[in-house]
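Quick look at what TrEMBL annotates:
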- 108-128: transmembrane segment (TRANSMEM)
- 192-210: transmembrane segment (TRANSMEM)
- 222-240: transmembrane segment (TRANSMEM)
- 260-284: transmembrane segment (TRANSMEM)
- 304-324: transmembrane segment (TRANSMEM)
- 365-385: transmembrane segment (TRANSMEM)
- 397-420: transmembrane segment (TRANSMEM)
- 426-446: transmembrane segment (TRANSMEM)
Amino acid sequence: MLGSRLGTLLRRSKAQILISQLKGSPRVSTNLSPLSPSRFTTSAPLEGCFLSKHSSFYAVKSIPKSLFGQYSRKMSTSMTLLNSNKAEITSSGLKLLVTKGPHAQKMVGIWLFSCAAWVFSLVVLGGVTRLTRSGLSMTDWKFTGGLPPLSEDQWVLEFQKYQKSPEYKRVNKGMSIEDFKFIYWMEYIHRMWGRGLGVVFALPFTYFVAKGYITRQLGLRLSGLFALGAGQGLIGWWMVKSGLEEPASEYVQPRVSPYRLATHLTSAFVIYCGILWTALSVVVPEPPNGSLSWVQGAAKVRKLAHPVSVLVGITAFSGAFVAGNDAGHAYNSFPKMGDSWIPDDIFSMEPLIRNFFENTSTVQLNHRILATTTLMSVGGLWLAARKIDLHPAIKSLVGSVLGMTALQVTLGISTLLTYVPVSLASAHQAGALTLLTFMILLAHTVRKPSPALLKSLASMPKSKA
């Protein structure tokens, strides 16, 4: 009781009266700053006094209560403000694509990311199929597909169909049936893997719609992506059919139309990017934030990232024409193209526009220029981002984009110098899609926050240094 009473008296700055009552000891200084520790100590030793053993305890005990009381009140006020702002965001400022709570959001997100990974693998498999010249091994097509040859007689029948194609007559004449089985299986797996994606997409989509997880906005977006996927099968057959026709000249190897191949590959890239962006929007409905300064920095990066993203997409599109024209086999040297920087025949076709899509020299030169420009642009984005106050996630993504761009350029040059081996060429195509993935991640991370989130950040009390 006595200790408690003395502590209370001391915290009320009446220690002078208490000490004088106990021992008549010297007076305590009270002219110091309220936060000074010496405010709670005597100006002379308190020999034999009860407070000489406990004065430091009551002094320390009194300081935190006074100071922490102020901070706790401020923190309580801030938390109340943040909670109210979060409630405002949820109720009015943010439109979620998935209803029924976090569990539904997680399930839909996992499904969409799985579909995106499936498309990624499908693009890589398609590249390997093209590089092994397997795409023209199946001379007919059914929308739903069918069983592969299961007997030797069936294999012979399929092989006879292939022997009538221009590719067999001009490129693979004399091929054994065992070699034919390899290219047939490559094309068959590629086609069935694409049809499998339709099942993986459609069945969960139907389930989530029935459960009421998917909003109208998300449902329309996913329906559009599903329609693109279904059309992709038709585009693929439209592409293959062009390679089954007799070439215009006997000196030209049969191959699919570069325009159709570019359409097929670009459509796959669009589907992939659409699914990935949607998956990110489901699981990350708001961009990373923490302060208005970071939001303003993200806006600056957004102005630079969008043009760079377009440039990355155009470069990937030009790569489709390099593949469609087999332009990687034209000039296997770098940085020069043969003995010159610019070949003499880059404008040899008429009309002029054809050179940019059909002339192997022009197509490869364009791809080189676009790839170099992309690397320089990403480097400029990285340098600019270093001078901007940014969320750590954005800084990390910008660095990842730069690293992936440098790796992709290295893969492209290596593929060219080694005469387009299947392994490096496939890695280069996968690298293009990986770089697009990083650009999608960056663009999604620096997107504009919702009005409610901006309002909440503006209303937060500014911290003092």
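Even glycines carry a Cβ here, placed using N, Cα and C.
Curation plays no part in TrEMBL annotations; they are all automatic predictions.
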Best-contacting stretch, by C-beta pairs under 8 Å, relative to the transmembrane segment (426-446) and drawn from 222-240, 260-284, 304-324, 365-385: 304-324
Stretch in 108-128, 260-284, 365-385 most in contact with the transmembrane segment (192-210), if contact is a CB pair under 8 A: 108-128
Positions on the same chain near the transmembrane segment (365-385), where near means CB under 8 A and six or more residues out: 300-301, 304-305, 307-308, 311-312, 314-315, 318-319, 321-322, 327, 334, 337, 342-343, 346, 356, 394-395, 398-399, 401-402, 405-406, 408-409, 412
